[in-house]
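Per Swiss-Prot, active site, nucleophile is recorded for Glu109. The domain 'GH16' annotation in Swiss-Prot covers 20-220. According to Swiss-Prot, the feature N-linked glycosylation site maps to Asn52, Asn92, Asn131, Asn242, Asn257, an assignment based on sequence analysis. For 1-17, the entry in Swiss-Prot reads signal peptide.
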Amino acid sequence: MMLPLLAVSAFASLGAAQTYTSCNPTNSLKTWSLSTDFTQGSSDGWTAISGNVTYGSNGAEFTINKRYDAPTLETNFYIFFGEVEVVMRAANGTGIVSSIVMESDDLDEIDWECTGTDTTQIQTNYFGKGNTTTYDRAIWETVSSPQDEFHTYKVVWTAAAITWYIDGTAVRTLEYADAVDGKNYPQTPMVVKLGIWAGGDPSNSEGTIEWAGGETDYDEVPFTMYVKSVNIINYNPAASYNYTDKTGSYTSIVASNSTTGSGIHSSNSVSVFAPSSSTSTFTSSRALIATASTYPASVQTSSSGVVSLSSSSASSSSAAASSTSGSASAVFTGAAVTNLPSFFFTVFFALAIALAF
């Protein structure tokens, strides 16, 4: 999407999503999935960050009634690799853009955008770390009458690839290596945004207006986008995600306080589960790589992992973790960490006695 920041803040929520973030990845989806049926009304998992969103038999209604309207919903949580499936009917109207946006605080972004006068296509796009040096990432995919019919738009996002689906059919795949060897690959925790905005507003640049299909005539309002439902799966549920450096790499992200049964797996398929009474963190040189083929049975990661569990109830994980091989630099169970001071005390005490004699 990646457009210049507009003068009106209402447009900024989606029209310039890359220029705005809340910088607070401490709220995350702590369960595997969240399903929202907007035909039943609003949901606690979402917040209207701009404008007024109403609800009816067609689900959430995002309506432009006048200039500067840009109603937008945003999730109250982040996901760190996963799936986002939206059942949407795009809005009609010249210059009107219906958007499904996944966006991170590090300015990574994965998009669907449908303009109001293009009755045969929808745009797929992505950005990494706010890089706008080129605008050659967008690909338009065929879809039938998106303004008149509901279609299911889905993104499956892993550390290896992003795949866009329309009505169950894969239409585009982006491999990690194909995004400047990962440099421009979206890979940090994201929120999901749904909304409508006027790309054809006369205050926008000529290029933006042309891309949106022409200048918007506000005498033709209302323009309404509908979303019936959203299904979100988080491959790495946690209480929070912490950036440990400024690289913007997924390998630098620490998922803290993973939920019970989240099942983070190492490359040799040894499971490490975080009990509900414990806290856990997981970091890896190739951390948190999830694949659609293995989810939800496991979230696959490669080797060189470091796992810490701060609870004696983690003993069931101790034996499994101790068998981890490959290039793993260290593996500590809760029991090992807890007993470490007494272990060193015993060793030094024995050494002192030996030296005394």
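Each residue, glycine too, has its Cβ placed from N, Cα and C.
On the structure: features taken from Swiss-Prot.
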residue : record                      : DSSP class
Asn52   : N-linked glycosylation site : coil
Asn92   : N-linked glycosylation site : coil
Glu109  : active site, nucleophile    : strand
Asn131  : N-linked glycosylation site : coil
Asn242  : N-linked glycosylation site : strand
Asn257  : N-linked glycosylation site : coil
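Around Asn242 (N-linked glycosylation site), taking its Cβ as the centre, 15 other Cβ atoms fall within 10 Å, counting all chains. In this structure, Asn52 is the one among the glycosylation sites Asn52, Asn92, Asn131, Asn257 with the smallest number of other Cβ atoms inside 10 Å of its Cβ. Residue pair Asn92 (N-linked glycosylation site) / Asn52 (N-linked glycosylation site) shows a Cα separation of 18 Å.
Note: the CA-CA distance between Asn257 (N-linked glycosylation site) and Asn242 (N-linked glycosylation site) rounds to 11 Å. Counting in whole angstrom, Asn131 (N-linked glycosylation site) lies 31 from Asn52 (N-linked glycosylation site) by their C-alpha atoms. Each residue contributes its Cα atom, and for Asn52 (N-linked glycosylation site) and Glu109 (active site, nucleophile) those atoms are 24 Å apart. Taking the domain 'GH16' (20-220) as a whole, pLDDT averages 94 in the prediction.
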